[in-house]
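Quick look at what Swiss-Prot lists:
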type	residues	note
BINDING	Gly11, Ile12, Asp13, Gly14, Ala15, Gly16, Lys17, Thr18	ATP binding site
Amino acid sequence: MARGKFITFEGIDGAGKTTHLGWFRDRLEQKVAPAGRSVVMTREPGGTKLGESLRDILLHEAMDLETEALLMFAARREHLAQVIEPALARGDWVLSDRFTDATFAYQGGGRGLPRDKLEALERWVQGGFQPDLTVLFDVPPDTASERRSAARAPDRFESESDAFFARTRAEYLRRAEEAPYRFAIIDSTRSIADIQKQLEDLIASL
């Protein structure tokens with residue numbers, strides 16, 4: 001069986017990506033199941049026993065900026081080795097809530113970690129591995145802030161300022177501009193129905 005495809009959902013907290021994950025997974029299953037493939041839905045940080053333990057630390061414990069980035073990539077290496085690569089090799093498709101673009105956006109854009117340090121970690125952990133498709137849910141920081149305030153108690157990242165999320169969003173958009181061949185940008189201020197229509201079109205194009 002041919003290798004599967006790797007799809008990631010990205011966006012600042014409050015962009016609405018999680019709202020569409022389960023729906024997208026179900027539609028994707030309908031597309032690939034006739035060929036005997038499955039869709040593995042996962043997340044970062046997380047996706048493995050070790051990754052989920054690191055996720056709890058990353059979301060709730062204060063730490064040095066470089067420590068934060070190193071833990072993100074440590075969780076990612078385990079995620080690739082234990083979940084993503086094996087699934088793709090057996091022909092399944094993988095749908096992940098965040099991947100490396102989030103680290104460049106949050107630790108790089110938001111926190112200001114130099115890009116060359118993140119690029120060095122990316123080369124070490126991933127080689128040249130990248131998603132086949134990255135769906136970026138884009139929304140202004142003030143809109144995202146309103147959505148977050150109506151949700152559950154915020155974690156360490158969700159509690160950041162609008163200025164932090166403006167920098168994070170800008171880095172996401174810079175990444176998308178650099179790699180238009182794999183990015184699809186979703187205007188997440190639109191209705192759920194309009195967004196899902198665009199997602200349907202993306203699935204049909206895969």
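Just so it is clear, glycine is given a Cβ too, placed from its N, Cα and C backbone atoms.
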Item to check | Proximal but sequence-remote residues of the same chain as Thr18 (ATP binding site) (Cβ under 8 Å, at least 6 apart) | outcome: Phe9, Asp97
Checklist entry - Taking the center of the Cβ atoms of Gly11, Ile12, Asp13, Gly14, Ala15, Gly16, Lys17, Thr18 at the recorded ATP site, which other residues in this chain have a Cβ no more than 8 Å from that point? => result Phe137, Val139, Ala144, Arg147, Ser188
Next on the checklist: Comparing the binding-site residues Gly11, Asp13, which residue's C-beta has the most other C-beta atoms within 10 angstroms in this structure?
Outcome noted: Gly11
Checklist outcome for this item: Out of the binding-site residues Ile12, Ala15, the residue with the smallest number of other Cβ atoms within 10 Å is Ala15
Checklist outcome for this item: Across the binding-site residues (Gly14, Gly16), the Cβ with the fewest other Cβ atoms inside 10 Å is that of Gly16
Item to check | C-beta crowding around Lys17 (ATP binding site), within 10 angstroms | outcome: 23
